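As annotated by TrEMBL, compositional bias 'Polar residues' applies to 523-535. Positions annotated as domain 'Major facilitator superfamily (MFS) profile' by TrEMBL: 23-507. The feature region 'Disordered' is assigned by TrEMBL to 509-535. Under the heading transmembrane segment, TrEMBL lists 21-48, 68-87, 99-119, 125-142, 163-189, 212-231, 294-312, 349-369, 376-396, 402-419, 440-463, 483-502.
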Amino acid sequence: MAHDHKVLDALDAAKTQWYHFTAVVVAGMGFFTDAYDLFSISLVTKLLGRIYYSDPSSKTPGSLPPNVSAAVNGVAFCGTLAGQLFFGWLGDKMGRKKVYGMTLMLMAICCLASGLSFGPTPKDVMVTLCFFRFWLGVGIGGDYPLSATIMSEYANKRTRGAFIAAVFAMQGFGNLAGGIVAIAVSAAFKSRFDAPAYKDDPAGSTVPQADYVWRIVLMFGAVPALLTYYWRMKMPETARYTALVAKNAKQATSDMARVLDVDLAEERQKPVEELERRREEFGLFSRQFAKRHGLHLLGTTVCWFTLDIAFYSQNLFQKDMYAAVNWLPRADTMNALEEMFRISRAQTLVALCGTIPGYWFTVFFIDIVGRFAIQLGGFFFMTAFMLGLAIPYHHWTTPGHHVGFVVMYALTFFFANFGPNSTTFIVPAEIFPARLRSTCHGISSAAGKCGAIVGSFGFLYAAQSTDPTKTDSGYPPGIGVRNSLFMLTGCNVIGFLFTFLVPESKGKSLEELSGENDEEAAPQQQQTVPTDLSE
């Protein structure tokens, strides 16, 4: 070992213990909340349309106008993108722990506030909702680089992949919880305030009490965030940050001795000149960084970008897919709460059957198969299943073939999660140097959110029918669902190719992966052999 931080070697070799699982739960609850907050909005958008944009003279129930729908669904993504970049950078500047509580508080406050969006006109309510969802997104964004970095820096090298994957897998449960809360709330209100179907009584089909339903569902996201705040504040700073970035090996040793049962020798403090020299380490925009990690960063950003285009365009349009394959009855045959109940039930089924199993497959196999194989295989199968949906698309939409469509659709989800959706989150937390780790993870995940924005807004328009008479109200004709699926297939192919830029990190220590061992070894060699600097 070139570096002389015994505490880091001890962490790499530590056996898996109770504290690792506590860390997974504490970091994972952030992700649970993230997923709940991001996906619960798609459960209530139809309801918002009926409450605020209903026109009793129209044959179809009210729906959010395209620009409002795009804003309500997507503004949190814009916030997330900003949060990933800002908090990623801040996590390297101030330390992981200090920033970790801020993101959670921001999420809890904005969850409550978005449920309290009031205003005299529908437009005012939507503007207020968008404002708070933007800031909610900023908090969610901060959670990405910090949770991944904290987990990777705590874990030992044998099971590190599984631990980071387990944090990320909590998203699946957040998704599921969103569906369950929406089912429970809409069912309770539906049984208490019954209403006729829209076609029988357009004005009466949405009861005034329905306005509470979406607010309760959105505000519930604050509960898990508040529950984990205390535990987050009690976590010590990660030893790798303290030793490698804050340069306080002694503190790192005592922090880890407090929470982990590892045998730690007392660290000696480094002489001052060495600390001074080590301060001249290369930064993010240096030629040295570009040479060592430039291609890695390109690989992690492009893979995450293309994955999220495919992943989010599918996720946000689940409800349209169900209608296309007749899983949901026609909107005018239901009242407002009935429609929300059915959408939530369908989404919950997909989360249970397609989403959650994929995440846990990754947790179990990632340290056996490796990141590279899982990511490559995931992109490959997503491409295959999307082509399987797109080529015979007209066959799937004819009566009698819907079950096949839903199975294929669930399989693309399964291989996204047992594939690039998990690995794009894990790898950036492992392959960059400690002082830039959180920043680089933030950049990679922000590229992903750009993909999510393209996926959710672009495909909102793209998936519209080519026939102007069949588009959703207010939308121009698009290229249709079938051609949209072909475009998504193309994104998967690009992701497949860029995976080859990213190194395999299975079973290696973080310092080995990021080249921090070589950095420390170089000055030592310099003192002994001034002529030979090649490492």
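Going from the start of the chain as shown, residues are counted 1 onward.
Every residue, even glycine, has its Cβ placed from backbone N, Cα and C.
Listed by sequence, the residues of this chain that lie at least six past the ends of the transmembrane segment (21-48) yet keep a Cβ under 8 A from its Cβ atoms are 63-64, 69, 72-73, 76-77, 80, 103-104, 107, 111, 126, 133, 136, 140, 143-144, 146-147, 150-151, 154, 163, 166-175, 177-179, 181-182, 210, 213-214, 217-218, 220-221, 224-225, 227-228, 231-232, 235, 315-316, 318-319, 331, 336-337, 339-340, 343-344, 347. In this chain, the transmembrane segment (483-502) does not touch the transmembrane segment (163-189); fewer than three CB pairs sit within less than 8 A of each other, excluding pairs fewer than 6 residues apart. Contact between the transmembrane segment (440-463) and the transmembrane segment (349-369) does not hold: fewer than three of their C-beta pairs are under 8 Å, each pair 6 or more apart in sequence. Here the transmembrane segment (402-419) has Cβ contacts under 8 Å with residues 172, 307, 310-311, 314, 321, 325-327, 350, 353-355, 357-359, 361-362, 365, 374-375, 377-379, 381-382, 385-386, 388-389, 396 of the same chain, all six or more residues outside its ends.
Panel annotation: around the transmembrane segment (125-142), residues 33-34, 37-38, 41, 48, 52, 64, 68, 71-72, 75-88, 90-91, 99, 102-107, 110-111, 113-114, 117-119, 442, 445-446, 449 of the same chain, lying at least six beyond its termini, place a Cβ under 8 Å from a Cβ of the stretch. Mean pLDDT for the domain 'Major facilitator superfamily (MFS) profile' (23-507) in the predicted structure: 86. Listed by sequence, the residues of this chain that lie at least six past the ends of the transmembrane segment (483-502) yet keep a Cβ under 8 A from its Cβ atoms are 295-296, 298-300, 302-303, 306-307, 309-310, 313-314, 371-372, 375-376, 379-380, 382-383, 386-387, 389-390, 393, 420, 427, 431, 451, 459, 462-463.
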